[in-house]
Amino acid sequence: MATKFPKFSQALSQDPTTRRIWYGIATAHDFESHDGMTEENLYQKIFASHFGHLAIIFLWTSGNLFHVAWQGNFEQWVLNPLKVKPIAHAIWDPHFGQPALKAFSKGGSAYPVNIAYSGVYHWWYTIGMRSNQDLYSGALFLLVLSALLLFGGWLHLQPKFKPGLSWFKNNEPRLNHHLSGLFGVSSLARTGHLVHVAIPEARGQHVGWDNFTTVLPHPAGLQPFFSGNWSVYAQNPDTAQHLFGTNEGAGTAILTFLGGFHPQSQSLWLTDMAHHHLAIAVVFIVAGHMYRTNWGIGHNLKDILDAHRPPSGRLGAGHKGLFDTITNSLHIQLGLALASLGVITSLVAQHMYAMPPYAFMAKDFTTQASLYTHHQYIAGFLMVGAFAHGAIFFVRDYDPEQNKDNVLARMLEHKEAIISHLSWVTLFLGFHTLGLYVHNDTMIAFGTPEKQILIEPVFAQWIQASSGKALYGFDVLLSSSTNIATQAGSNIWLPGWLEAINSGKNSLFLTIGPGDFLVHHAIALGLHTTTLILVKGALDARGSKLMPDKKDFGYSFPCDGPGRGGTCDISAWDAFYLAVFWMLNTIGWVTFYWHWKHITIWQGNATQFNESSTYLMGWFRDYLWLNSSPLINGYNPYGMNNLSVWSWMFLFGHLVWATGFMFLISWRGYWQELIETLAWAHERTPLANLIRWKDKPVALSIVQARLVGLAHFSVGYVLTYAAFVLASTAGKFG
């Protein structure tokens, strides 16, 4: 007899109902729960999957390069990056009529195309690519790399090449290799590429496979390096008149500390970036030699952690026991990794627009908006995932004996204090922020706008001033010419930085007022509420006052019957589920704020944001409603235009989002009845009843229905806002 899906669970494969399929899919990646799984095999499977993951990433990037080279307009764009619209790829759609063919043939193409809003053109241009040939070479290289990684993944599943468990748990060598190799050497390689290829190309000097061994990146060669006279590499930088991509106004410096932006491209100086990556490379390569391996020198991580004990002795055992706890729990490792990656992704969102690293990207407003929104949403999902795996760690991997009185145990012991403090913060922020907004709404509605409560963000303005913003008149740190901080940096990076921060032509330290003060606190409310739900979910994952034995029920149980006074909605999974809604809510406010503030600045109409953002109706009317007009008019009785695709996506996003509620607001009985009815109708419908199935249709479980609802809600939410951002920005700025 053929074995049924899933092969990894005998119990599930013998289930006679449709539960077999859904639970099979749901637990396919929960390797720990599979039949016959050993710890060693678990690590080997996950390790091999990393190769597959990298292969997919490189294949995807290769596809980007290939399609732009084949169907894009990279070479035309390079000649005029500010005016030519970058093409991502062609569109072939048999439904297109003449108006659609005409509307979507843009960016200088004779056929319908998609415009690229990802910033890849700016990225490839900045790193020195100039021709389609360069793009094809890159695509081919990444394709080969992808194939090699797939082979590597396969190889590491073969008996002779499977690493043993001790190799996976060998922390110090892994840390050394990741610090020196992953961060250090890759940063050094980045510096090398910038110095040898990107900077010469930015100065009009072509560097390719044909001449890279003969073109000196600096006239003095390596002589200053070996003689210790390193400052030579910083002399004669590009001038303020430099035209990017030509030698007009170009210098010879390769490692500088100019500060600020290249006046024409409005991006960070390439020579500053090279210097930055070189410094990081040195720091990380040194850091990668700090931990003890086969030779008896260097730090031992267990010793370091065990030595981390609060001095008085009243605060417990500190980090004792953490070494083994973290080494033996993949969930806490994943939780820490996701949290770190989440933070850095959000930082990327912030820095990508405030300090654009790629030439001319600052002037491609739709790309700026897309990249910010994209990275903030990803950061949100990563952070929620971090807490989810933190909760699974407490359910599956946490050993109270091993962690007696250390930081983990103490967090669990005073979780009531942590949770209640977070609760007070959210209540305070929620009532006060909403109170101010609603008061202002009422005053506007009654025609007395002067009675609004408007609070200047003086502390934030003071911080901006200390970084050099002169507008507010604070005489502090970098905004004071006599301050020691100003004098210390005045000969190197400071003039460029001060010019940039006060120019008004970029997004560095934007001028803030009462509207910013309010939305800042609304976002703080969202962040603290999401954190409250996630922290409570993780800290209560093992048990709570109501249900002390939660751990025995696992991570994602739905309820435990009515016996204890009703135990529904209290598993760690339920906390994750609720937190995702709050996360989306918060990122929504963050991106609304960023987008509205920026489109008013880009249109030279900052007053609109300043005046309308102090009350809720202003947000609904002057941001959401006003900017949705290109979506509402994407197609109408008179035909269509090149925003029609976003209008359709806007409608479709709403549909997906609304479908989510169908799963969220109904319970099991409804589903079972619905399925029985559908099955009954199917069996009595001619032709359709030729198709039979053996599994008895059963309703989705409570947890499954919620997951399906949550997935639709999230996907629809992001899809709707993506279409809104793209259409409202592209509709204004092309």
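Cβ coordinates are placed from backbone N, Cα and C, and glycine is handled just like the others.
Features of the protein shown, as given by Swiss-Prot:
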type: BINDING; residues: Cys559, Cys568; note: [4Fe-4S] cluster binding site
type: BINDING; residues: His654; note: chlorophyll a B1 binding site
type: BINDING; residues: Met662, Tyr670; note: chlorophyll a B3 binding site
type: BINDING; residues: Trp671; note: phylloquinone binding site
type: TRANSMEM; residues: 46-69; note: transmembrane segment
type: TRANSMEM; residues: 135-158; note: transmembrane segment
type: TRANSMEM; residues: 175-199; note: transmembrane segment
type: TRANSMEM; residues: 273-291; note: transmembrane segment
type: TRANSMEM; residues: 330-353; note: transmembrane segment
type: TRANSMEM; residues: 369-395; note: transmembrane segment
type: TRANSMEM; residues: 417-439; note: transmembrane segment
type: TRANSMEM; residues: 517-535; note: transmembrane segment
type: TRANSMEM; residues: 575-596; note: transmembrane segment
type: TRANSMEM; residues: 643-665; note: transmembrane segment
type: TRANSMEM; residues: 707-727; note: transmembrane segment
**Study point:** Three-class DSSP secondary structure - Trp671 (phylloquinone binding site)
**Key:** helix
Study note, to complete from the structure: One of the binding-site residues Cys568, Met662, Tyr670 has its Cα closest to the Cα of His654 (chlorophyll a B1 binding site), namely Met662
Point to revise | Number of other Cβ atoms within 10 Å of the Cβ of Trp671 (phylloquinone binding site) across all protein chains | key: 19
Review point. So among the binding-site residues Cys559, Cys568, Met662, who's got the most Cβ atoms within 10 Å?
Key: Cys559
Point to revise | Interface present between the transmembrane segment (369-395) and the transmembrane segment (707-727) (three or more C-beta pairs under 8 A) | key: yes
Practice item. Go through the chain and flag residues at least 6 beyond the ends of the transmembrane segment (517-535) whose CB is under 8 A from any CB in it; none is fine as an answer. Key: 383-384, 387, 418-419, 422-423, 425-426, 429-430, 432-433, 436-437, 455-457, 460, 575-576, 578-579, 582-583, 585-586, 589-590, 593, 613-614
Practice item. Provide the number of Cβ atoms within 10 Å of the Cβ of His654 (chlorophyll a B1 binding site), excluding the reference atom itself. Key: 15
Review point. By a Cβ-Cβ criterion of under 8 Å, what residues six or more beyond either terminus of the transmembrane segment (330-353) are in contact with it?
Key: 42-43, 46, 362, 368, 371-372, 374-376, 378-380, 382-383, 385-390, 392-393, 396-397, 507, 594, 598
Review point. So what's near the transmembrane segment (135-158) in sequence-distant terms, Cβ-Cβ under 8 Å and 6+ beyond its ends?
Key: 44-45, 47-52, 54-56, 58-59, 61-63, 65-66, 68-69, 74, 124, 129
Study note, to complete from the structure: Under a three-state DSSP reduction, the secondary structure at the residue listed as 'chlorophyll a B1 binding site' is helix
Point to revise | For the transmembrane segment (273-291), distant same-chain residues with Cβ under 8 A (at least six beyond the ends) | key: 171-173, 175-181, 183-185, 187-188, 190-191, 194-195, 199, 234, 254-257, 298-301, 357
Exercise for review: Inside 10 Å of the Cβ of Tyr670 (chlorophyll a B3 binding site), count up the other Cβ atoms and send me the figure.
Suggested key: 13
Review point. Cα of Cys568 ([4Fe-4S] cluster binding site) to Cα of Tyr670 (chlorophyll a B3 binding site): how many Å, rounded?
Key: 18
